[in-house]
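The next block holds one structure in the form of structure tokens; read it before the comments.
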Amino acid sequence: MMDWTDRHCRYLHRLLSRETLLYTEMVTAPALVRGGALHLLDHDPSEHPVALQLGGSDPAELARAARLGADTGYDEINLNCGCPSDRVQSGAFGAVLMQQPGLVADCVDAMRAACDVEVTVKCRIGVDDQNPEEILPEFLARIVAAGCTRVTIHARKAWLQGLSPKENRDIPPLDYNLVHQMKGLFPNLHISVNGGVTSLDQAEAFLDAGLDGVMVGRSAYHAPTDILASADRRIYGRGTDRSAEAAVQGMLPYIEAHLASGGRLGQITRHMLGLFAGRPGARQWRRILSEGAHKPGAGPELVEAALAEVAAAQEIAAAG
Ligand SMILES: Cc1cc2nc3c(=O)[nH]c(=O)nc-3n(C[C@H](O)[C@H](O)[C@H](O)COP(=O)(O)O)c2cc1C
């Protein structure tokens, strides 16, 4: 998610779950290939398995970007066919590509030929006045024929005219049934559903009903502990639950290293605000970090002080 799942966020999320697949923000192929913005590929070795999401619509350029991503160590390269923002529309990529399945297939083909990691697609069920029941099977058939074996379907349309990107994540209705139908039509395609999933119970229900994966966006960001800390055990049947407290402890050396290399505390702590969401001390945690992280000289002591407040609030809650 752009501006959200940067490398600091992913480092944190990996401390909460060893098994889940993490995705980068969308990085545009032109930025990498023409702009030389290779720093956008930076990631920590601990992030694996991690997928690089690319935006673009030029097969040759996407191929070069995919190669750069694979050479930098990403485990998967994902092509964005779901983002509705104006900026992305003008560059002819994102959700507008739902109208050009042949071009998407060419992109997938070129990307696959350029690197030896898996190339996947994230798409919508359609855009504007397209009929999803007609166009989605055709879209999937084209990308499958190009060698794509895994797709994530954001189960709503994008309306390219008239809605902001934010509205496009909430207003077009979700059609989970259609995603299940696609699994029936393409049994060998690994299909993950995305959109509106706010709990592991909900994710488990999708898996029990036959889907292969569930992608969680906003909830994983706003309440990472709820979504990630027991995902290894519940979804993957491996490992034990993590805790927000342990994740905070795990972030301290990372924060120190970031500050030592000239970074700022707030660049990391902004992703940590939701760690205690719904638990005693959540408010104090958010307040201390939001108010203090931008002050000159702020460092890991601030995070430790906020954690101490959480512990105190939890003791009071347990006693009461
Ligand atoms: C701030 C923000 C940025 C996003 N950026 C991307 C992006 O770069 N690539 C992408 O595929 N989806 C992006 N999305 C969409 C989410 O990945 C997801 O498809 C959408 O929010 C619906 O899933 P959710 O209900 O689990 O959040 C973004 C969403 C938000 C809120």
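Each residue's number is its place along the chain shown, starting with 1.
Glycine too: its Cβ is placed from the backbone N, Cα and C atoms.
What TrEMBL lists as domain 'DUS-like FMN-binding' is 1-309. Under the heading FMN binding site, TrEMBL lists Q53, K122, H154, N194, G195, G196, G217, R218. Feature annotation from TrEMBL assigns site 'Interacts with tRNA' to N80, K166, R169, R283, R286. Sequence annotations record features per position, and here TrEMBL assigns active site, proton donor to C83.
Shown on the structure are the features that TrEMBL records.
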residue : record                     : CB count, 10 Å
N80     : site 'Interacts with tRNA' : 22
C83     : active site, proton donor  : 24
H154    : FMN binding site           : 26
K166    : site 'Interacts with tRNA' : 10
N194    : FMN binding site           : 21
G195    : FMN binding site           : 25
G196    : FMN binding site           : 18
R218    : FMN binding site           : 16
R283    : site 'Interacts with tRNA' : 12
R286    : site 'Interacts with tRNA' : 18
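Less than 8 angstroms from the CB of K122 (FMN binding site) sit Q53, N78, L79, N80, C81, G82, V151, T152, I153, H154, N194, M215, each of them six or more residues away in the same chain.
When secondary structure is read from DSSP and collapsed to three states, Q53 (FMN binding site) falls in the strand class. Across the structure, R283 (site 'Interacts with tRNA') and R218 (FMN binding site) place their CA atoms 19 angstrom apart. Annotation: R169 are the recorded positions among C83, R169, R286 whose CA atoms are within 10 angstroms of the CA of G195 (FMN binding site).
Look at R169 (site 'Interacts with tRNA'): DSSP puts it in a helix. Here FMN is bound by Q53, K122, H154, N194, G195, G196, G217, R218 per the record. The longest Cα to Cα distance in that group is 20 Å. The Cβ of G217 (FMN binding site) has M1, N194 as same-chain neighbours under 8 Å, each 6 or more residues away in sequence. Neighbours of R169 (site 'Interacts with tRNA'), defined as other CB atoms within 10 A of its CB across all chains, total 19.
Candidate recorded sites: K166, R283, R286. Not one of them has a Cβ under 6 Å from ligand 1. For the domain 'DUS-like FMN-binding' (1-309), the mean pLDDT of the prediction comes to 96.
The 10 Å shell around the Cβ of Q53 (FMN binding site) contains 25 further Cβ atoms across the protein chains shown. Cα to Cα, R218 (FMN binding site) and R169 (site 'Interacts with tRNA') are separated by 10 Å. Straight-line distance linking the Cα atoms of G196 (FMN binding site) and R169 (site 'Interacts with tRNA'), rounded to a whole number, equals 9 Å.
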